[in-house]
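Engineer: Got a structure here, written out as structure tokens. Questions coming.
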Amino acid sequence: MVQKESQATLEERESELSSNPAASAGASLEPPAAPAPGEDNPAGAGGAAVAGAAGGARRFLCGVVEGFYGRPWVMEQRKELFRRLQKWELNTYLYAPKDDYKHRMFWREMYSVEEAEQLMTLISAAREYEIEFIYAISPGLDITFSNPKEVSTLKRKLDQVSQFGCRSFALLFDDIDHNMCAADKEVFSSFAHAQVSITNEIYQYLGEPETFLFCPTEYCGTFCYPNVSQSPYLRTVGEKLLPGIEVLWTGPKVVSKEIPVESIEEVSKIIKRAPVIWDNIHANDYDQKRLFLGPYKGRSTELIPRLKGVLTNPNCEFEANYVAIHTLATWYKSNMNGVRKDVVMTDSEDSTVSIQIKLENEGSDEDIETDVLYSPQMALKLALTEWLQEFGVPHQYSSRQVAHSGAKASVVDGTPLVAAPSLNATTVVTTVYQEPIMSQGAALSGEPTTLTKEEEKKQPDEEPMDMVVEKQEETDHKNDNQILSEIVEAKMAEELKPMDTDKESIAESKSPEMSMQEDCISDIAPMQTDEQTNKEQFVPGPNEKPLYTAEPVTLEDLQLLADLFYLPYEHGPKGAQMLREFQWLRANSSVVSVNCKGKDSEKIEEWRSRAAKFEEMCGLVMGMFTRLSNCANRTILYDMYSYVWDIKSIMSMVKSFVQWLGCRSHSSAQFLIGDQEPWAFRGGLAGEFQRLLPIDGANDLFFQPPPLTPTSKVYTIRPYFPKDEASVYKICREMYDDGVGLPFQSQPDLIGDKLVGGLLSLSLDYCFVLEDEDGICGYALGTVDVTPFIKKCKISWIPFMQEKYTKPNGDKELSEAEKIMLSFHEEQEVLPETFLANFPSLIKMDIHKKVTDPSVAKSMMACLLSSLKANGSRGAFCEVRPDDKRILEFYSKLGCFEIAKMEGFPKDVVILGRSL
């Protein structure tokens, strides 16, 4: 019905236009000059439009644009967004997802009845939360501007959307080719004239809506030719575009580090109006390894009186945008009335706010903020403090989505993303009603559940936090100065107090959907049998393991998380500190080398002290990963897990590498020199650490997709110590027995002596072990140059083995164990020099079968190869029995390939190699 009604309306309008010669296709399509800002504009035919606010000032548009490339948000996420926007006093949502195919690629297609119902529901929800819903359409990929049928198709599409209740619109011509087709070139003098013509026509057709946005093709300073002030394109837009139409602008660049006041004044002059900023500071669709959890930054509050609005285009992952939107709201509210800085500073240059900003930035790696009204670091801390409450509230969407590391997940719940519906199918929000694995301290953010008296006594006493994290209603009626003063006073406190866990305040922070689901808890809770009810709670004995309880996410965890995933052009203070420390430890590692001449005890002590602090910082990352993985709110976890998994994995490698640097015998100068700016490379902080490792190009080892089911298990890779020998031998024996089924009960050390003993004794510098909570469960061993290693073996290791194992009688048929014993008494074959020139290093790796995480083996191989390449190796090889299919497959998955047989190769082994 919705479609039919909109089509009928369009037919009536087209009949009116056909009777009007001025509006016919034969009329000139060149747009007239835009009337003066105060001049009346003729009303269009669109009956669905809302009258403009004549004579009244338009409100400042501030909110979110869903304009990224990637899987669009689902409807329930958008409704949750509206709730948050209202709570934080923002007012606008621009619907423009690039991968909604009816928004961009197939813009001509009308919405189906089902899609129409969803859009109407969404528009209604926005109205309920007092959020202005702006529908954007991007016809620029293939529209013929001079074709009346194309223009009519666009009108028909927007007519349909207006029937849904939408009153605000946007035409986007971003990221398209500048060249016009031959038909358009005959009618329009330039690309800008064509765009302005159709924009003006649509604007008037819809009745000149109060909010109508236009995104130019030259939407940032770097896209303007030859520059902003001399751009013919922007000049045409400024002169011809009707004054009631606002222009979107991203700043000096597509992703602008800063948006100076001068740059806005420059573009405003040529487009003859104040722009609306489409801000990509938190957008991550251009780099699938990066996430941005830092504050809104680099935009002075002096911009507010010079703009018509700011819409942030944030991360693709919805739940990762809490900080981005919250800090934008803080920025906006800090100068909501558009007060100029010179007015603020007239009373006192040393105002309370500026003093607090100086205090907040003391000892910080960041530049001291000069904006007297807004401090990014203060805004970040406020956002993280409020966000912390969300982690303890059990919640997840019914269609769970876990994006893999690297490329975004292309299939969710078995449904390919190709030709996905333009409006996501209705997604029902469900709340997980199972008791989360939480420690007693987790109560600060947990689901309000009924506790027994005994449990209530165990809960720690908590105070409400006397900051802006209090009930939202208390701030609704306060003026800006009161709010600002309260923020400053609260931030002067030395420590943040625990958050209020009062059930009423928790309930107020929840979405209506969550509250509704909680009302129905009895309907969906799993059935409890009499047997379960009568069963006493298990209490472990004195010699048994205690019950596992997960620690809750802390504010320090979120601060560290934000620092690791900060902003496009900079890392957070802790992330930058870790990067600098690793660079210093790597560059100065020669001072702790055993063979270092002229040792300086002070330098050695400094290196070891800084290494210990760095390892401690790496440990904080592991702890943050564990607590986040165990958090009750799985919705947040699923959106961020792949990113946290990546940083955890790379920091595990880096920590192991630093430990190796501190205990090796040889110094090396194989490291890269010179530091680049953090934003010069892709991949964020994890990418920066990867590039500082010697094997930075081994992308297959660094590509470690997270498990389908999030896990908090953490493995440790560290250098081998002599005390670990028995554990390594045990793993070697168990895995060998598992492969051939021949236990060596009478000689338990035999297989270990054969496969790993020489490396453990003579090549200690290149040996690593894998540990979990139960002990050692894997090893990675190597030697940088096998030729001198074999010579050492002949001198010391082989004679010791010959003495330990008597040479068996070769006249009889030998057992597997006897064959290994005999090998110690036979001449060792030497590999060809032509082969060793390219693959000089010998490696041996194995992991216990209980380890099921495939990323662990990649991390171990990365650590081993990093140590070898750091000391000049060009390649590594390993020797495998032809019948050992398990280990052959194991090495193949780690990037090793079979070397073609050549003269001098042993006949009873397969040689696999890997270039470094």
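In case you wondered, yes, glycine gets a Cβ from its N, Cα and C as well.
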Engineer: Looking at protein binding as recorded in Swiss-Prot, which candidate out of Asp159, Asp184, Asp285, Asp287 goes with Gly67, Lys98, Asp174, Asp175, Tyr219, Asn313?
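Structural biologist: My reading of Swiss-Prot gives Asp285 as the candidate in that site.
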Engineer: Can you tell me which of these residues Swiss-Prot lists as phosphoserine: Ser152, Ser351, Ser364, Ser505?
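Structural biologist: With Swiss-Prot as the source, phosphoserine is noted for Ser364.
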Engineer: Apart from Gly67, Lys98, Asp174, Asp175, Tyr219, Asp285, Asn313, which residues in this chain have a Cβ no more than 8 Å from the mean position of the Cβ atoms of those residues at the protein site?
Structural biologist: Phe68, Tyr69, Ala96, Leu172, Trp278, Asn280, Ala283
Engineer: 10 Å Cβ neighbour count around Asp285 (protein binding site)?
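Structural biologist: If we count other Cβ atoms within 10 Å of Asp285 (protein binding site), we arrive at 18.
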Engineer: Looking only at the domain 'GH84' (60-336), report the model's average pLDDT.
Structural biologist: 94
Engineer: Which residue, out of the recorded positions Asp174, Asp175, shows the minimum number of other Cβ atoms inside 10 Å of its Cβ in this structure?
Structural biologist: Asp175
Engineer: Determine the Cβ neighbour count for Tyr219 (protein binding site): the number of other Cβ atoms within 10 Å of its Cβ.
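Structural biologist: Step by step: centre on the Cβ of Tyr219 (protein binding site), count other Cβ atoms within 10 Å, giving 23.
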Engineer: When you measure from the Cβ of Asn313 (protein binding site), how many other Cβ atoms are you left with inside 10 Å?
Structural biologist: 22
Engineer: Highest Cβ count within 10 Å among the binding-site residues Gly67, Lys98: which residue is it?
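Structural biologist: By the 10 Å Cβ neighbour count, Gly67 comes out on top.
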Engineer: Tell me the coarse DSSP state (helix, strand, coil) of Lys98 (protein binding site).
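Structural biologist: DSSP assigns Lys98 (protein binding site) to coil.
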Engineer: How many whole Å apart are the CA atoms of Asp175 (active site, proton donor) and Tyr219 (protein binding site)?
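Structural biologist: Cα to Cα, Asp175 (active site, proton donor) and Tyr219 (protein binding site) are separated by 9 Å.
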